[in-house]
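To start, the structure itself, in structure tokens.
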């Protein structure tokens, strides 16, 4: 039926093939500093592009609504067993198609519309799914938000007071733009004191946690959700880890609650990524991620930029650009012209609009994957500062772009 020699993307759909090739070139020739992006291994991509994409498998291993699932059962069980071993979890669901759907699955399992939840404010580094009014979490539930204190660390005392005042049914921990270590044990004590569930969204920190270089929330939380890409370096998808007593409720919430047939090719890719993350090499990689982030942040500070919270203790940092009189939007564009990819991001109490912002978010996972070390991280920090000091100077942009080209040639991703 299918002629492998002829059924290539290039032959079947030249337009898509061209876009893919252009994106391949961009990934090779640009320095990727978006904190939520990374490069998956060829093995992960091969699993995701396998024949498993053809198989419907509604249900769970050993209990499917379709025949012919004996081999995908093996795949899903391996993914479950590996992610449990990776994080020390009692139970796991590997079917969520995204981190947002993983969060939604917990909400659907444990809450009713109108219940009160408490999460970190999006304006202070939280995530849309932690109660933002534009997200379903903010529309379905009564939301109380906690944020940062004057030192730009999480205000645990204020969170404690809010929890006792509002008695939320569920407290959400985790962030999308927060550089310090989160005290999950302290938040668990707050939740226990008010009779709330604790859900930790560790999407940004999962790879660091797997390697033991960032605090593990699993011993303290009722539920832990995550994406499988970002610092974990797997395919795009989600996972829910939970205490064994909640496994049946969570499984029912995912299927048939909010999803139908699982994406078995993606679950296979998750399993491969989990196996990679269980290796000693992955721990070494994450240690380098932390070191590169520290060097990058220190370099930017030396060049007159302010890092929100004063430092980074993880892979991510939020850079306040106001000292350079440039917005996040303009900085993103200028750095993009120099082939350095970042994303504009609001800083705490940002006076600018969300699509403009006063900051950019930077992360070290992708550049570390391609082999950058502290020396390269320092150089990247100086290149960023050069662009931000002269964002409209063509000569500066051209010089930085040439230095980026030299770096990316010396440290290829897939070539």
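Just so it is clear, glycine is given a Cβ too, placed from its N, Cα and C backbone atoms.
Quick look at what Swiss-Prot lists:
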BINDING   122, 126, 127, 128  (6S)-5,6,7,8-tetrahydrofolate binding site
MOD_RES   230  N6-(pyridoxal phosphate)lysine
SITE      229  site 'Plays an important role in substrate specificity'
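Structural mapping of features recorded in Swiss-Prot.
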residue : record                                                  : Cβ within 10 Å
122     : (6S)-5,6,7,8-tetrahydrofolate binding site              : 24
126     : (6S)-5,6,7,8-tetrahydrofolate binding site              : 24
127     : (6S)-5,6,7,8-tetrahydrofolate binding site              : 24
128     : (6S)-5,6,7,8-tetrahydrofolate binding site              : 16
229     : site 'Plays an important role in substrate specificity' : 27
230     : N6-(pyridoxal phosphate)lysine                          : 28
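Distance between Cα atoms for residue 122 ((6S)-5,6,7,8-tetrahydrofolate binding site) and the residue listed as 'N6-(pyridoxal phosphate)lysine': 19 Å, as a whole number. In this structure, residue 229 (site 'Plays an important role in substrate specificity') belongs to neither helix nor strand by DSSP; it is coil.
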